[in-house]
Amino acid sequence: MAHADSGATPGAATAASGAQRTPATPSKALKIPGEGSFWLSEWAFPLFVATLAAGIFTGTHLYYVYRTGTFSDVAVTALLKGGMENGSYGAAAAFGAGFLFARVIEGPMVGILDIGGSLQTGVGIGIPAMLLAGGVTAPLEHFWLALPTGAVIGFAIGCVILLIRRATVNSTGNTSTFGADVMMGAGNSAGRYLGPLVIIAAATASIPVGLGSTLGALLFYWWKKPLTGGAILGAMLFGLFFPLTGK
């Protein structure tokens with residue numbers, strides 16, 4: 001009995017010592033496929049935008065020369081066509097440039113660039129209309145000039161979006177999205193039905209942003225405009241003064 005007890009004690013001590021010497025296995029971080037590669041790098045974004053813009057701007061060149069090839073909606077293309085027929089490009093330039101400006105501001109905040117609004121409408125219609133209104137026709141008359149012109153425009157848009165994102169959402173010590181995280185992408189035909197959803201999302205984000213979204217929607221309803229635009233603009237305006245802080 002004494003021999004059995006003495007034999008069991010060292011074994012137990014050895015097992016305990018071994019348990020103490022065994023280091024804890026650290027948990028492995030989740031590895032995202034392609035992380036660190038060119039395709040997911042930050043500065044690949046301007047190159048992608050440049051490629052898209054080059055094709056879209058060249059499509060407008062084809063429409064300007066051959067009356068076919070534009071990547072924009074029929075209704076938006078009609079604005080450019082009207083300017084080509086009567087020489088007044090104000091409507092096309094204002095509509096396209098307005099969409100481009102709004103999407104460039106929205107893109108850095110939500111991390112999504114609306115190709116239809118920013119590139120197809122802005123680069124495909126707005127910028128060409130402004131060039132034509134200023135008497136600059138060469139980029140739209142020559143294929144070899146349309147490609148690099150669109151690429152330069154797209155690269156500039158991509159760089160501006162990255163700079164805005166670094167100065168706002170990704171800035172050091174700043175976790176605010178300035179109310180823009182309540183934005184929702186919506187097509188022209190379906191967007192009118194998303195006004196209440198935007199208001200609910202804004203109210204969920206914070207009370208001031210929800211109040212701004214509600215007031216914006218009421219103003220747009222009074223002006224007989226789609227509620228979605230007023231809800232988004234109201235949320236952004238109040239979010240500017242009452243930023244949403246991260247947890």
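Yeah, the Cβs are placed from backbone N, Cα and C, and that goes for glycine too.
Residues or ranges marked as compositional bias 'Low complexity' by TrEMBL: 1-24.
The feature region 'Disordered' is assigned by TrEMBL to 1-26.
As annotated by TrEMBL, transmembrane segment applies to 43-66 (among others). Residues 72, 77, 80, 84, 113, 115, 119-120, 123-125, 127-128, 139-143, 146-155, 157-159, 161-162 of the same chain sit 6 or more residues outside the transmembrane segment (43-66) yet have a Cβ under 8 Å from a Cβ within it.
The transmembrane segment annotation in TrEMBL covers 86-105 (among others). Same-chain neighbours of the transmembrane segment (86-105): 76, 79-80, 113-114, 117-118, 121-127, 129-130, 132-133, 157, 160-161, 164, counting only residues six or more beyond its ends whose CB sits under 8 Å from a CB of the stretch.
Sequence-remote contacts of a segment are chain residues at least 6 beyond its ends whose Cβ falls under 8 Å from one of its Cβ atoms, and for the transmembrane segment (117-137) they are 49, 52-53, 56-57, 59-60, 64, 70-73, 76-77, 79-80, 83-84, 89-90, 92-104, 107, 150, 153-154, 157. TrEMBL lists 117-137 (among others) with the feature transmembrane segment.
A Cβ distance under 8 Å defines the sequence-distant neighbours of the transmembrane segment (143-164), meaning residues of its chain 6+ beyond its ends; these are 42-43, 45-58, 60-61, 100, 104-105, 107-108, 113, 118-119, 123, 127. Taken from TrEMBL, the feature transmembrane segment covers 143-164 (among others).
The transmembrane segment annotation in TrEMBL covers 193-221 (among others).
The transmembrane segment annotation in TrEMBL covers 227-245 (among others).
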